[in-house]
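Below is one structure; the comments refer to it alone.
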Amino acid sequence: MSGRPKLRRGARFFRGRSEEASSSSSRSAELSEQENPDSNGLTRSRKLVMSMVFILTFLLLGFRNHVRLKEKEFPQKSRQFFAVIAEYGSRLYNYQARLRMPKEQLELLKKESQILENNFREILFLMEQIDVLKALLRDTQAGLHNYSWNTDGDPTGVQDHPEEMSHLVNYILKKLREDQVQMADYALKSAGASVIEAGTSESYKNNKAKLYWHGIGFLNYEMPPDIILQPDVHPGKCWAFPGSQGHALIKLARTIIPTAVTMEHISEKVSSGNISSAPKEFSVYGISKQCEGEEIFLGQFIYNKTGTTVQTFTLQHEVSEFLLCVKLKILSNWGHPKYSCLYRFRVHGTPRDDT
């Protein structure tokens with residue numbers, strides 16, 4: 001009986017010790033948690049700060065390397081490239097603005113250029129009249145002023161008269177207005193003649209010959225080949241082709257038997273003393289079978305630049321058949337190295353009698 005109470009007391013003793021040990025361990029854990037409540041939070045914040053510092057350091061190093069590379073390898077080329085792009089962009093914008101010019105301004109520009117051209121023609125005509133009057137005065141001073149006049153206004157004899165000078169001036173002006181050749185021109189554009197461009201040399205390309213608006217050139221301007229078939233002979237009104245040799249195929253106003261040709265150029269006085277681009281040696285051919293047949297040689301001639309401005313040449317070889325086309329070949333000029341300039345070319349002959 002006495003042994004059982006001892007066993008019970010021993011069990012109670014061990015149970016009390018184990019409970020005290022477990023309570024003490026739980027208390028120590030609670031104390032450690034109370035002493036370090038944010039240990040996990042501190043480690044996380046430290047990791048975040050370290051990662052941010054690493055990223056910022058990496059970006060700073062990359063930016064410094066980019067600046068060094070830009071300064072070493074691309075110092076001025078990139079700036080020049082962007083400057084060129086900006087310049088061409090501004091030019092393109094200005095060019096597009098010119099193209100959007102109102103039609104009224106274009107019409108006004110055409111009218112002003114036509115007025116200037118007409119005034120220039122009048123000035124040239126007045127200069128010719130002044131030269132004639134100067135020659136008349138010199139003849140009068142030399143004693144060559146005794147003329148008589150018939151009803152047609154032509155001089156017929158020698159007679160002293162108070163109104164002699166006025167009659168003489170009127171007669172000279174009348175002769176100036178008349179055509180000097182006095183033969184029909186079957187290569188006249190207004191009569192129906194034309195230039196066949198397929199059989200004609202290319203025109204001379206000149207970058208300086210441009211139309212300008214507010215000092216900016218935007219369109220190349222050159223005279224067409226058919227300008228040589230028109231009577232408007234003034235400085236610059238010519239067909240220019242590169243070099244000293246060229247040709248033009250002309251379809252006449254009607255079929256004829258050619259007998260003569262006329263070459264016309266401006267004088268040295270009007271062109272500031274230089275007509276080296278004038279044609280020198282040239283030849284003329286007739287084309288049979290409606291401008292598609294063989295070439296028939298009609299003659300070879302020399303235009304004298306020191307002679308009269310209008311020079312007529314009789315053909316050296318006669319033909320019996322009627323021709324519709326004539327080919328003009330310029331063989332040389334008077335020394336201009338870049339181009340030759342042709343003002344007017346005429347063809348004379350006997351037309352077919354359609355009656």
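Any Cβ shown, glycine's included, is placed from N, Cα and C.
According to TrEMBL, the protein has these features:
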COMPBIAS  1-15  compositional bias 'Basic residues'
COMPBIAS  21-31  compositional bias 'Low complexity'
DOMAIN    192-352  domain 'SUN'
REGION    1-42  region 'Disordered'
TRANSMEM  48-67  transmembrane segment
For the transmembrane segment (48-67), distant same-chain residues with Cβ under 8 A (at least six beyond the ends): none
Segment-level pLDDT (mean, integer) for the domain 'SUN' (192-352): 88
